[in-house]
Amino acid sequence: MHGAGEQQQRYRYNARSDEQHHHPSTSSHQYQQQGARQMHQMHPIQATLMCTPTTTSAAASTSSSGGSNSSGGSGGHRQQGNILRIGNSIKIGDNILEPAGTLVFSQADGTPWTGQRIVVNGSTHAVVKANLFPIGTTPPVLNMQSNQNWYMNQPSGTVPMSSNAPATTSSATPDSGIQSVPTSPPSPSYAMMNDVDIGDHDDEEDDDGPADFTDMPLLKPVDEDDDCYDVPCTSEGPPPNNSNPAITTIPSSCSTPAPPKESLPTGMNVEEWGSFLIASNMDREEIVRRLMAHDPEMAKAIAMRIRELSAEESKKKKDMEAEVSSTTPTTPRARGTRTRNKCATRSTNSPDVTTSNLPEEPSTSTMGLVKENEDVEKVEGKRRGRKPKKRRGFHKESFEDLESDAKKSKAEQHEDHLPEASCSSRPESVIPPPVDPIQFRLKVREMMERKLEQLTQKMSEDMTELRLSHLTSSKMVNGERGKRRESFLRQLNEQSKKLRKGGMLGRKRLRMFMTESDILEENKDNIKKEVKEESTPPPTKLRGRLPSRRTREPSEIVNPEPVEKKFNGEYFEITKSVPSSDDIIPLWMAPSLTCGCTKGACTSDMDCLNRALRVQCSSDCSVPYCSNRRFWKEDCGNKLCVSNGPRSKRVLKTKIARRAGEFLCEYAGEVITREQAQEKFAQDRDPRIIAIAAHLFVDATKRSNIARFIKHSCKPNSRLEVWSVNGFYRAGVFALSDLNPNAEITVDKSDLLPFDMACNCGATECKRVIRGVRWRCADPNEKIVTRRFVIRNRRKTIERSSHSGLPAILQTPMDENSSIRLKMKQVLAAFAFRVRKIDGSMSRTMLPHYTLIIKFLKTKGNNPNPVEFVSLFRKWLEAIDDDDLERAFVAIESHYMSSSILSSSLQSKKAKDNAPRARALSTSCPSPVPSKRGDADLSYLESLYPIGSYDPDDAWESYSTNKKGNAVRCICGALDEEGTMVQCDTCHFWLHVDCCQYVVRSNEKAQKSKNPPSDDGEYICDFCTNKQNGLRPSADVKLTEQPDVRFENCDYYRSLINRRGIQVVLNETVYVNRVLPEDHKAMLRNLREEKKGSKQKDTNKYRFPKAATSPLPIEKVDRKNARIFRVERLFVCPGNNRFVFGSFYAWPHETYADAGRVFSKKEVFATPYYETLPLDEVIGRCLVLDTATWCKGRPKVPKFKEDDVFLCEMQIGKTQRVFEKVPPKNRYPINTNSYVFTEFTHPKKVVRDFRPYDPSNPSPKPPKTSSIPSTSSIDPPQSSSDGLPEVDTKKLSKRHIQRVLKRLVKNGSRRS
């Protein structure tokens, strides 16, 4: 095979004559006449046209000779005057190469066959070659292949040259010296042409004039189909060549010859076989009649089997269409489908593109050509280096489908006026219609949605394994984690359902191509679905988190329609506030700010500027897991409920427990102006109209959510806050304290209503009146005649009163070159906005501090001192005494005033102060500058009772109880009442069962011999059996349940005793040495961590040294040389080496705070510094309490001196600059029952008047609680602004009232 460069072009014989076009009934009538003589139906035969490169001279000589025979055959002759040209020639140098192609002949009905045939016998490898020339008289040589026989066919002179395909339909490879090899022989199912009498046809004779080609079939490429191919035509084959005895005669396909008697079924003769025979051209009724006449039961079984096979084939076809991955539909080419003609080149492998969709008609030659076409494509694929394409099989349909398709085909044939009369007697077979591009795209879309759903489900499973959450704490209850996981999976399932419902768009597009009956059926289904949905309550929907974040933009502010009527039309349900008109939107808009956070999740008010100013972060926040987006949590329906009852007694309650500071819901309604609020409130006196700004109100009377049922209380458990969300002001309800399930939510509506209203809340501190918004707006129509110099100020006041919300100065861009004064103004504006009320007013107690800072900025010029500025704010914050505002100021100060500004001013000031000291030191011997700790005043740590001077456990000797008492005295030394406890029948103290079981188990033999238990079940503790050292606890108690994560080969204890005789108990505080040894770190480095149930692969080869057992003396240590340590774990490693693990507490002088900060001498601060120390480093015991317990009383046992009892309310960070309150989970409460705790007659007060770095300058007005930290360590300002003048608020208010009265008197006199 000479493979390279060979090309083959397929052609098809088309029964296309003028008679058929102009007189379609002629061929039908002729066919009916010939049907009486039992016309033979011929199957198309494949013919291969071979070509070889020839020289120009040879072409010329051959064309001029005119009468040469074919080079590969015998017994035939050439006709010089009739040339059939197929394609265009290609000239390569001196050679002319004609393209090779495959011809498919199908003789039309009634068309005579006049060609001559030359038969060549031989093997399947026989090749007949011929030279074709672009111009000449040499006819083409056709090499036809059928049943291992090879023929050479010469067409008659009636074949027109105009019937050739256009030049674009054929192609050849410009490669000389290449010979084409015919395709493989067709399958044996292909029938040969029958011997037909030529004389039966009306042949037209040639004359000397131009040839008449009207009765000849046209030669047309397969790729260029025409409308005439819609109806296949049967034809008779040409007369056989009598000179070739190898040709066998086969009857027509319309009549099947009787088989021999031996091949008939048992019990059937030839007559019965003829009556039962079913031919392909029989009528349906005839087939059914024969089946029913033979065996009715068998006919029914055959019909059922046909239906089953049809259903299976249809299902396979749908599955095959659904799994198509290409975006362009590749359908089997059918008759009546126009395709683009493309040159078959080596690089052309793209499928045909369907441009129009016509009904596909059955063909008598389709099934016979499928196999050979596959063989041709396999050969082509091997030559081109690609795999052959798979073809789909043809499916059978049921009788009902056959009838419907037959009717459709008849109707289409009648409409198109196609010459189908000649084919009326053939059976109708059904071929699957071509794939519609729209349906194909819909199928691809459905397949992509299924894939997307699978990927989403897989991604959700992977994400749940990662355990991503906004919470940074790893201590999460398993039940809570399971609930969150279920909620997350539920949200993903709902999102996947929405994706599946996305096919509605495809159905809408498909409606354009629906018929009226399809639309009516779809409407009926929709009506049924709506009826079903109305009969069942709608399920609760969980909204997805990620989509709701990204889709909430300011452009969403529209006036939506009411969602649903609630409580019999009492109000319309909406999810968020909406404007009442378009005129409200400009007044409602709020400026947007950027928090500038680069790490974390915007969770702290001390770090995030937006959270400090009550601004919700937008989607442009630089932090990837920003949690400052409270208002997108629209879960009011899941965590809140409205109690049933009359209209006036409905209240809003919680379904589950809520924590302090948690967002509960949004107070939604219509946003209206002040005038509209006054009009509505005057009519209804409804307290649901709430102010969100000086001139804006939210009306929750007609359109709102369940927040409208929140009641007023003078002692509320929640509060209303106004936040800037996506550029608009929205009101939210936040919890003030921890709320239990089924707790009523109440807020204080003072200064929020349009007018005053009577209060009947029933609280113990009820004010009896709910104050309305105070209107401090001047009348713009007021005329000022006499005092003209204040007209400008009056107008400015009127203009400022109309503005509310975030100050515009906060939007000024900041850079390093900005002036310090501008930054200070921004700090003042931001903090003033934070301390103002919702209506824009400021408390009278804050006005003196506010005016003092404004005066400072005006008098100090362009470069005011930042240290003095910060100190003024410190005094203001001490007067406010609000932890939320303190944290907000830290965030505002750190954002607008960087620490570099403060540090630079501080260094310049210290340089001036230390200049004389430096000169004095330079004259004498050089000495180092005293450290900060050395500069601090440590006299507050001095005491008459140093550490180790007394034993707190001495109080156990006098501690007693009675039989009915609940006092606890356990060998572990702990006083908590957790777990199961047992009471001693001798001393009547209660003990922990876990602790006692360990001691009983370890001393089982001693107890059996000395004091066995009585038969009555009495229990006698170790204190009564003298196993303890007196009446004080002194034992090592091991934990019954070891921790899950622990060191290898280590045991963990509840209490341990060191060599000094001090019993160290879990969760208690002790003193440790300030200077610690380093020897124990080698053992700690060789300890390997393990989890419960896991095994180490290799053993630990490190040998732990044995611990010393000699007792250590108790030393007296000053407190300034010791540190306070919180015990969190006690363990013993191999060699009886005992260790304690915990965290340190910091003294006030160990924190980095400014000199203006005041402390309490009994105050310590929790730190994040953890350490593992030897147990022998514990030198004493102390007690650290929370503020409430410290003020309440002291424990009876162990009894500490007052110098060893401390309070802890704040904790500091690693930098020791940021102070915040200790969270509840890090607090360590003690037993405050009366049997072990003594309360004070008058509770103590925390006095903060101590400054460790400036003892000579105490605070003029000590606040009640601790103040906030500063971002840097600064010295006290030395300026006249330190002393804040005392302001008598009573006198100030009296003066203000007098001025108001005078103004009213003047206005009244003018009007009169």
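Placement of Cβ uses the backbone N, Cα and C atoms for every residue, glycine included.
These numbers come from a predicted model, not from an experiment.
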Quiz prompt | Of 231-252, 473-494, 913-934, the range Swiss-Prot labels region 'Disordered' | solution = 913-934
Quiz item: Which residue counts does DSSP yield for the compositional bias 'Basic and acidic residues' (312-321) in the helix, strand and coil classes, in that order?
Solution: 10 helix, 0 strand, 0 coil
Quiz prompt | Per-state residue totals over the domain 'SET' (638-750) - DSSP helix, strand, coil | solution = 20 helix, 46 strand, 47 coil
Quiz prompt | Residue distribution over DSSP helix, strand and coil in the domain 'BAH' (1100-1223) | solution = 18 helix, 58 strand, 48 coil
Quiz item: Can you tell me how the residues of the domain 'AWS' (590-635) break down into helix, strand and coil by DSSP?
Solution: 4 helix, 1 strand, 41 coil
